[in-house]
Amino acid sequence: MKALRVAVAGNPNVGKTSLFNLLTGSRYKVGNYPGVTVETREGGLRVEGRAVEGVRLVDLPGTYSLTPMAEDEAVAFRALTGADVEAPELVLLVLDATNLGRNLYLALQIFELGLPVVVVLNMVDLAKDAGVGVDARALEAALGLPVVETVARTGEGVPELAARLKSMAGQLELMEQRLVPAPEGGVLARCLADMGGDGPRQRWLLAGRAADRLELAAPSEAERQRVDGLDEEAVREAMAELVGARYAEVDRLLEGLGLGADAAESRDANVAPAMATSEKVDAVLTHRVFGPLIFVAVMALVFQSIFSWADPFMGVIEGGVGWLSEAARSILGPGLFTDLVTEGVIAGVGNVVVFVPQIALLFLFIGLLEDSGYMARAAFIVDRLMARVGLNGKAFVPLLSGYACAIPAIMSTRTIASFKDRVVAILMIPFVSCSARLPVYTLIIGTLFVADERVFGPFTQGGLILLAMYGLSTVSALVLGAVYKRTLLKSPTPPLVLELPPYRLPRIRDTLRHVWDRTLDFLRDAGTIILAVTIVLWGLLTFPRVDPSELSEGETAIERSVAGTVGKAMEPALEPIGQDWRIGVALIGSFAAREVLVSTLGLVYDIEGADEDDAPLRDAMREAKDPETGEPRYSPLSGLALMVFFVYACQCMSTLAVVRRETGGWKWPIFMLVSMTVIAYVAALIVYQGGQLLGFG
Amino acid sequence: MPFQKKGPPTLAQLQPGEQGRVRAVSGRGAMTVRLLEMGFVPGVEVRVIKRAPLGDPFELRLRGYHVSLRRSEAERVVLAEAEARG
């Protein structure tokens, strides 16, 4: 028997995800719709822990309407109408019982499609508490559709819903398309007639044209011609008429449900029953003074968690990797194969797994903030600042997270609705100084500057240089973001139009499940690339192998490796920015991760354990002299140029692997690598050459 | 208000605590459609609850829920009456 496919639809913040998790026992596959980055989840129905054969659920993105305005709505409509995936046989429409006045708008659009619908009236407990409880039988009568009451947060009503779905398998018929009638003699009726008749598809195309997003509706050539033939002003009026007619029908339904009085109160903007408590909370959380203070505190907490709370876990992972390498070495004995296993494979796996604590913590916090309703308030508070770059408030958390690590930060850009704006944020994030740059800055400052020298007050030379690097990176990220937004990825500043939903207690299980999904996603997709690149880099730094006896005085094995040869070949390009081939080798090695610069320089200078204690390396670098001139090899100016290079350069394969994952191709990671390297080189050139002209170094 | 723009009153001119009745959503494109679909249809009352700490966006109440709009977005919502009611 063919499985009954059930699409789960509903507005955002109505408990759709909780319900889906409950109905599938959280056993689902995460996938992507073809061509877009909107995530889908699909799983079999489970009742009391046991799989029910023949019923499969597909979770659609939460949307307020089906009009193609962004990818989410387009995906929902296309999935429901079977445009590029098989159409569902049944729609499970989740309504928030506390706010039917807005939820029913989407419901009417779905009824227009003519698919059989089961209505879930969720959060009936909160609706009763708020005094807007609606009788499920009355709603059933008014809509002519089965209605099931649930409380997804506690699981109440879910077994009944599951039983209902189970019983429906194999005995469904299409219902008639219930089009909210176009007002007679109006512009809408005329436009639809010009398009060859009234139907959900025609209405959808008309809406797509009105929203200037016809391409999202993917019309056929004939459809495009008909829609393009319509008069601009007529389309505008027709859309207003269509939405007005639907809302009039919503009001008529509410009236019939005995919610007329409440609805009138709501329509007069006097009350928002579900918001009664939340308004009191918001009196503090979005208060003119306390609001920003609390916002800063919450963001500091998120930042602190990925910056330092992840540290012990990362330490354990690094320790485990070290132990594993030792174990492998003692079992396999010395040799090339052992080196491949320890420095290639095990180190590579370590390079992947080491990101897991930061990813998990960031997504845990984001999940809690989203589900509780605070994230919308955070966007509300910070929107004005982000609008200057051309993004909306939702881009703030990903950018902030970038100061800890670009990997989780880039993954968290999924909260940004528009793809172009997501790419802008993704391109900005690696410019923000992540924590892996810190060891590089520290080594250079400690080697070439008098880090402890007081400049004024409590400020030392080292501290001020570090501050300058962070300032430079922040300003650069914001400026480049604004530039990309206005050129390459030109699009209007995304609308805010952000619902401020009632505060609700998050369902921890759903949040943890989401954290798990994202972590697995990273390990699977980005992890394989990171592992492969680690092995390649190991090869570059190892081959061709030389016998230690062949090395001349002061020469190290790494000098003869491919990386050493490439580094030497790069020297003419590095000299203008004040660097030599040794730094070139270290730049190749540090592509694995920026902090690897320290240990690779250690190999070049034949110093063991430089990443644990860099004092011997600092001494070696400070004492290094140019053999021809006898001058010191590195000056404060060349150190400054190298730091500026690191502010801008994309010295991180993991970032590129994640960007490939999140943008669905190699185009943007390649653009990122090339543009960041060029910017880094030019900036370092300006610093070094400019500094020399001014008589420094 | 000293610098009030000429033309029909818009939602952007309301102060926190004031409300007005929607007459139309002006302009075209996705923003206009989005506003209509979020319930800013003719006849609906919208109340300004507050402004964000930095002065923009606005928090509004309509149809029993709360939504946040920037000033530039609120300017598209044309109100029926010139006088705002508290």
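Backbone N, Cα and C define each Cβ position, glycine as well.
If you look up TrEMBL, you'll see A:3-171 marked as domain 'FeoB-type G'.
Residues annotated as GTP 1 binding site in TrEMBL: A:10-17, A:59-62, A:122-125. Reduced to three states, the DSSP call for A:Val14 (GTP 1 binding site) is coil.
Taking Cβ-Cβ distances under 8 Å and a sequence separation of 6 or more, the neighbours of A:Thr24 (Mg(2+) binding site) in its chain are A:Gly43, A:Gly44, A:Leu45, A:Arg46, A:Leu57. Secondary structure at A:Thr24 (Mg(2+) binding site), taken from DSSP and collapsed to helix, strand or coil, is helix. Feature annotation from TrEMBL assigns Mg(2+) binding site to A:Asn21, A:Thr24, A:Gly25.
There are 16 other CB atoms within 10 A of the CB of A:Glu39 (GTP 2 binding site), with all protein chains counted. Annotated GTP 2 binding site per TrEMBL: A:Gly35, A:Val36, A:Thr37, A:Val38, A:Glu39, in sequence order.
Residues or ranges marked as transmembrane segment in TrEMBL: A:289-307 (among others). Within the same chain, residues 358, 361-362, 365-366, 369, 374, 377-378, 381-382, 396-397, 400-401, 403-405, 408, 435 sit at least 6 positions outside the transmembrane segment (A:289-307) and bring their C-beta atoms closer than 8 Å to a C-beta of that stretch.
The transmembrane segment annotation in TrEMBL covers A:344-369 (among others).
The transmembrane segment annotation in TrEMBL covers A:423-451 (among others).
Same-chain neighbours of the transmembrane segment (A:463-484): 388-391, 399, 402, 423-425, 427-429, 431-433, 437, 441, 445, 449, 455, 640, 643-644, 647-648, 679, counting only residues six or more beyond its ends whose CB sits under 8 Å from a CB of the stretch. Taken from TrEMBL, the feature transmembrane segment covers A:463-484 (among others).
The transmembrane segment annotation in TrEMBL covers A:522-541 (among others).
The transmembrane segment annotation in TrEMBL covers A:637-658 (among others). Same-chain residues lying 6+ beyond the ends of the transmembrane segment (A:637-658) with a Cβ under 8 Å from its Cβ atoms: 351-352, 355, 406-407, 410-411, 430-431, 433, 436-437, 440-441, 444-445, 447-449, 465, 469, 472-473, 476, 522, 525-527, 529-530, 533-534, 537, 577-579, 583, 587, 590-594, 597, 669, 672-673, 676-677, 679-681, 683-685, 687-688, 691-692, 696-697.
If one looks beyond the transmembrane segment (A:670-688) by at least 6 residues along the same chain, the residues whose Cβ comes under 8 Å of a Cβ in the stretch are 426-427, 430-431, 480, 573, 576-578, 637-638, 640-642, 644-650, 655-656, 659, 697. Look at TrEMBL and you will find A:670-688 (among others) tagged as transmembrane segment.
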Whose Cβ, among the binding-site residues A:Val14, A:Val38, A:Val124, has more other Cβ atoms within 10 Å than any of the rest?
A:Val14
Give the helix, strand or coil assignment DSSP yields for A:Asn122 (GTP 1 binding site).
strand
Translate the DSSP assignment of A:Glu39 (GTP 2 binding site) into the three-state scheme.
strand
Among A:Asn21, A:Asn122, the most crowded of the binding-site residues [Cβ within 10 Å]
A:Asn122
One of the binding-site residues A:Asn21, A:Gly25, A:Val38, A:Glu39 has its Cα closest to the Cα of A:Asn122 (GTP 1 binding site), namely A:Asn21
Express the distance between the Cα positions of A:Gly25 (Mg(2+) binding site) and A:Val14 (GTP 1 binding site) as a whole number of Å.
19
So for A:Gly10 (GTP 1 binding site), how many other CB atoms are inside 10 Å of its CB?
30
